[in-house]
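Take a look at the structure below.
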Amino acid sequence: MNAIILISVLGILSMMSEFIGLKKLIYPIILISLIGILGYNACTFWNNPETHYGMLVHNNYSVAFGSLLITITLFWFILFRSSYSSGEFNQGDHYALILFSTVGGLVLVSFSNMSMLFLGVEILSIPLYILAGSRKKDLHSVESSIKYFILGSFATGIMLLGIALIYGATGSFDFATIEKTASADPLFFIGITLLSIAFAFKVSAVPFHFWVPDVYSGAPTFITAFMSTFVKVAAFGAFYLMLDSIFESVPTYLSHTLIGLSALTIVVGNIAASYQDNVKRMLAFSGVSQAGYMLMVFPILTISAKTSLFVYLAGYAIANLIAIYIVQVVEKSKGDARVENFSGLGKSNPFLAFVLSLSLISLAGIPPAAGFFGKFYLFTEVIHAGNIYLVLIAILGSLISVYYYFKTIIAMYSGEEVSTLTNPAFGFTSVILAIMSALVVLIGLFPDILLQIGMNI
């Protein structure tokens, strides 16, 4: 609750920074504040659970996922600061919108009432509708914003209808009451299904993924980085929290639906990604396939399943942020992110090539990176639940992903150098990239810390 209030105040301060003479100071203020808020939030992990006005709950789950979301926001601010150096974008307004979106994400992982679920989704999404189209003279960016807004509004309508039906069946917006009064009323199950469809849109599960490639490729790359990491973590955290708050075990019909969605998302996402020759668009479809892996544990409402989801999301978010940052560097230098523009990067900038390779290896699930352990732990949980065929599909999908991830890696190290990058990573940014890359390896080699956190949420 305190983190939500503090980041909200920080967003308002950023929005007013030009008027109160803090334009040059707002960036360090945001960084220092986020570090302080992250530290404060993490220190409350072992506190007793608290409910605020029956709307928000402060417990280990909200603290763990909230800390992960704040960490993603902090890394985003550090990595993509250079995006505002040209003066094309209003720095204070953009920073404020990102912070407000962060508030929405924190609400989504701590709600205990359906009204707060809806508010969290809207607070998260509305700033991103604006940011996706912030490159006003670029028709692709404008198209991205319009598509995201229209389809996002459609998903919101489905969510509202689901909430209304659940309220009609149970007479309450409170999840604790819904859990006690849930019955065989068809309205209740239709409502849950509609809510699940709305979340499937937010996490880009097939067949609700059709907006992803156009929105991600059309939006400014630094906004794509935020959407593909922060939004995905917040949406998955909220989706699992909703199911865990209502059911002791997922109903059979919903379990089979989620398994089918997971398998379809893995297959379609990986096959579509393998046909892309633009790395940014490839990462968009890769994000779709990654959503399929995460959905595998949703029919399993156990502590270990929750832990595997948390660990996987942490590794995915860090690796994806690194990859998209380097895509932006190449885009600025070469004009776009086609695979051939990465040719020879291993010779012209070995550091960038190495960290990009490491992030792609992690996304592919190859040891010793975080992605390998995340997939291993996740697959193990699904096998224990008896869904062996789903794991076989996931393994096949992972094998397909090796092809398109390594297509970029091979181009970097075996291709002829096209030209030297005009905007290579340097200074503080390179230090942060090194730290994030180290985290990708350390999570893979020493996952015990994240496992301990996960087992207590």
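We number each residue from 1, going along the chain as drawn.
Note: Cβ is positioned from N, Cα and C throughout, glycine not excepted.
Below 8 angstroms of C-beta separation, residues 29-30, 33-34, 37, 40-41, 56, 66, 70, 92-93, 95-97, 99-100, 102-103, 106-107, 110 of the same chain, each at least six residues beyond the ends of the transmembrane segment (2-22), sit close to that stretch. Marked as transmembrane segment by Swiss-Prot: 2-22 (among others).
Packing against the transmembrane segment (25-45) from elsewhere in the chain are residues 2-3, 6-7, 10, 13-14, 17, 58, 60, 63-64, 66-67, 70-71, 73-74, 77-78, 81, 91-92, 95, 99, 453, 456: each is 6 or more residues past its ends and has a CB under 8 Å from a CB in it. Among the features that Swiss-Prot reports, transmembrane segment is placed at 25-45 (among others).
Sequence-distant contacts of the transmembrane segment (60-80) (same chain, at least 6 residues past either end, Cβ-Cβ under 8 Å): 3, 7, 27, 30-31, 34-35, 37-38, 41-42, 44-47, 49, 95, 98-99, 102, 105-106, 109-110, 222, 225-226, 229-230, 233-234, 237, 241, 306, 310, 313-314, 317-318, 321, 325, 328, 428-429, 432-433, 436, 453-454, 456-457. The feature transmembrane segment is assigned by Swiss-Prot to 60-80 (among others), with sequence analysis given as support.
Here Swiss-Prot flags 92-112 (among others) as transmembrane segment.
The transmembrane segment annotation in Swiss-Prot covers 114-134 (among others) and is backed by sequence analysis.
Swiss-Prot lists 188-208 (among others) with the feature transmembrane segment, giving sequence analysis as the kind of evidence.
The transmembrane segment annotation in Swiss-Prot covers 222-242 (among others) and rests on sequence analysis. Among residues of the same chain six or more beyond the transmembrane segment (222-242), those with a C-beta under 8 A of the stretch's C-beta atoms are 61, 65, 68-69, 72-73, 76, 79-80, 83, 98, 101-102, 104-105, 108-109, 111, 117, 120-121, 124, 128, 131-132, 134, 175, 195-196, 199, 202-204, 215-216, 280, 283-284, 287, 290-291, 294, 298, 306, 309, 313, 316-317, 320-321, 324-325, 328.
Sequence annotations record features per position, and here Swiss-Prot assigns transmembrane segment to 253-273 (among others).
The feature transmembrane segment is assigned by Swiss-Prot to 283-303 (among others).
For 353-373 (among others), the entry in Swiss-Prot reads transmembrane segment, with the evidence type sequence analysis.
Under the heading transmembrane segment, Swiss-Prot lists 382-402 (among others). Long-range contacts of the transmembrane segment (382-402) within its own chain (CB-CB distance under 8 A, at least 6 residues past either end) are made by residues 259, 262-263, 266-267, 269-271, 273-274, 286, 289, 292-293, 296-297, 299-300, 305, 363-366, 375.
According to Swiss-Prot, the transmembrane segment annotation covers 431-451 (among others). Only residues 6 or more beyond the boundaries of the transmembrane segment (431-451), in the same chain, are considered here, and those with a CB under 8 A from a CB of the stretch are 75, 78-79, 307, 310-311, 314-315, 318-319, 321-322, 325, 351, 354-355, 358-359, 362, 367-374, 377, 425.
Long-range contacts of the transmembrane segment (188-208) within the same chain: residues 121, 151-152, 154-156, 158-159, 161-170, 182, 231-232, 235-236, 238-239, 242, 246, 251, 253-254, 257-258, 261-262, 264-265, 268-269, 287-288, 291-292, 294-295, each at least 6 residues beyond the stretch ends and with a Cβ under 8 Å from a Cβ of the stretch.
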